[in-house]
């Protein structure tokens, strides 16, 4: 190489020119989603119920976040083998199969917590009350502690 010359590296194939964005697919390691409101981990039960628990050894808090497209994820309970969904009445539950109600816009907020806003019901967020129960989507909004989640490693 001559002095002052510039070398360019080839772009990664299949990145769609996304400027460093992850291609669609799962994030390698399972996560636990820690809610700022009450210190609960989001839990998906095998029977489809959704709530929060403080016990970090509960196997039902291990979640797989799947990138569906840029900024959109689905959230699957690893042990429950079910997908988090928000219904038209704002309830959270877990389904055996992915539907349009299972896609959430994931956003990193300025306080370094993530929010998960329903793609289908666009003003509603995944949220946990201080009691550990889920909060109806229709009762959620920006600025609430209940919608703030910190993704943490769930490696055993």
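The count begins at 1 with the first shown residue.
Yeah, the Cβs are placed from backbone N, Cα and C, and that goes for glycine too.
Swiss-Prot lists 37 with the feature heparin binding site. Reduced to three states, the DSSP call for residue 37 (heparin binding site) is coil. The Cβ of residue 37 (heparin binding site) lies under 8 Å from the Cβ of 127, 128, 129, 130, 144, 145, 146, 148, each of these being in the same chain and 6 or more residues away along the sequence.
The phosphotyrosine annotation in Swiss-Prot covers 83. Sequence-distant neighbours of residue 83 (phosphotyrosine) (same chain, 6+ residues apart, CB-CB distance under 8 A): 74, 75, 76, 77, 94, 95, 96, 97, 98, 99, 102. In this structure, residue 83 (phosphotyrosine) is part of a beta strand by DSSP.
Under the heading SUMO1 cross-link, Swiss-Prot lists 96.
Swiss-Prot lists 129 (among others) with the feature site 'Important for interaction with integrin'. Residue 129 (site 'Important for interaction with integrin'): 17 other CB atoms within 10 A of its CB, across all protein chains.
The region 'Heparin-binding' annotation in Swiss-Prot covers 129-145 and rests on similarity to another entry. Same-chain neighbours of the region 'Heparin-binding' (129-145): 36-38, 40, 50-54, 86, 89-92, 115, 118, 121, 123, counting only residues six or more beyond its ends whose CB sits under 8 Å from a CB of the stretch.
What Swiss-Prot records for 130 (among others) is site 'Important for interaction with integrin', and it gives similarity to another entry as the kind of evidence. DSSP gives residue 130 (site 'Important for interaction with integrin') a coil state; it is part of no helix or strand.
Among the features that Swiss-Prot reports, site 'Important for interaction with integrin' is placed at 135 (among others), with the record citing similarity to another entry. The secondary structure of residue 135 (site 'Important for interaction with integrin'), as reduced to three states from DSSP, is coil rather than helix or strand. Around residue 135 (site 'Important for interaction with integrin'), taking its Cβ as the centre, 22 other Cβ atoms fall within 10 Å, counting all chains.
A 10 Å cutoff on Cβ-Cβ distances gives residue 130 (site 'Important for interaction with integrin') a total of 14 other Cβ atoms nearby, all chains included.
Residue 96 (SUMO1 cross-link) carries neither a helix nor a strand DSSP state and counts as coil. The average pLDDT computed over the region 'Heparin-binding' (129-145) stands at 97.
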